[in-house]
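Enquirer: Sharing the features that Swiss-Prot gives for it:
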type	residues	note
CROSSLNK	Lys89	ubiquitin cross-link
DOMAIN	1-41	domain 'Ubiquitin-like 1'
DOMAIN	42-117	domain 'Ubiquitin-like 2'
DOMAIN	118-193	domain 'Ubiquitin-like 3'
DOMAIN	194-269	domain 'Ubiquitin-like 4'
DOMAIN	270-345	domain 'Ubiquitin-like 5'
DOMAIN	346-421	domain 'Ubiquitin-like 6'
Amino acid sequence: IPPDQQRLIFAGKQLEDGRTLADYNIQKESTLHLVLRLRGGMQIFVKTLTGKTITLEVQSSDTVENVKSKIQDKEGIPPDQQRLIFAGKQLEDGLTLADYNIQKESTLHLVLRLRGGMQIFVKTLTGKTITLEVESSDTVENVKSKIQDKEGIPPDQQRLIFAGKQLEDGRTLADYNIQKESTLHLVLRLRGGMQIFVKTLTGKTITLEVESSDTVENVKSKIQDKEGIPPDQQRLIFAGKQLEDGRTLADYNIQKESTLHLVLRLRGGMQIFVKTLTGKTITLEVESSDTVENVKSKIQDKEGIPPDQQRLIFAGKQLEDGRTLADYNIQKESTLHLVLRLRGGMQIFVKTLTGKTITLEVESSDTVENVKSKIQDKEGIPPDQQRIIFAGKQLEDGRTLADYNIQKESTLHLVLRLRGGAF
């Protein structure tokens, strides 16, 4: 192939004869693309959004990047602000016109890539996700208009939530640090609100005017307005659940005249200790209102152990993720025990005095109390009537199987504690 008919392309760029491979950072095992320079070029048209049509002299072997350079030469628009569309497809810089079957007198469409333009997502309560083209400088009001264009929902019925905050119409996306591919939540503003009650630990009841679409954070602000309690010291409980700031009242099915309970998050937390099976003790800064799940996250931050592999024991009880330290009466300088939940458990046997043998699925990190519960599930014997013996020792409720070196297929002995008896 004669050199004058060859065009070499690398990384979307046509290579110039006088330059070296090093100039283009071409390294070993790089791949160049060879396209043939067709004798004689062709004309194509580029139509802009304003309706203006530009005529360009090109060759089938030109890359899209080359075409953008020609448009820059004619119109002064930088290539990185150009998007070229043909047959409904956005053209990629490194491909050639021939790759897209663009022939003489084809028409391309030029769309300008807005500086700061980006896509964001809007998720509705029904779970539907809408994609919007926006700019950081768009106001919340602009965004609501775009949603109206797509979904037909009037702006005055829309409330947009991001990071647990309701967005105000006059502010911009940049004001809220909303970046590309952020997800906003759309809740509908129900016409007419409702009253709910908030009961404090002192027994005082506060009445609030709210809407179903209010976030928990909004409710905390209303409580602050009435009572002067900062939101970060408030915990709201409904139906036994602690409410999360970013969720709405509707999410929790809180209806008119529902009663929420307000618990104060004590300023200034406390220290607790967590002791591992290796004997290492970790110190954590916590609050009484922290959930067990929060504590496991803090342990993960310090030790790198995933929460789902952690089991926390206090006073012989395994702690449940959704409960708070206060629920278990864990106070400052209490010591929790951390046992690792080994992936995949093991079988052990429990032999009764009648000679019957029960098989149980357990983990080394199970406490003796857990084992007694499993025996109760199988045999109906209340834990307080069970005594479990292994290697001649009576096992204590708060200890784990690992503490007693009970391994797979070990046999424990079950002795019944006689009601009213004393040993």
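Here the Cβ of each residue, glycine as well, is placed from N, Cα and C on the backbone.
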Enquirer: Residues sitting near the domain 'Ubiquitin-like 1' (1-41): Cβ under 8 Å, six or more positions beyond its termini, same chain?
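Expert: For the domain 'Ubiquitin-like 1' (1-41), the far contacts come to 57-66, 93-94, 96, 98.
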Enquirer: So what sits near the residue listed as 'ubiquitin cross-link' in its own chain, CB-to-CB under 8 Å and at least six residues off in sequence?
Expert: Tyr100
Enquirer: Which numbers of helix, strand and coil residues does DSSP report for the domain 'Ubiquitin-like 2' (42-117)?
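Expert: Tallied per class, the domain 'Ubiquitin-like 2' (42-117) gives 18 helix, 29 strand, 29 coil.
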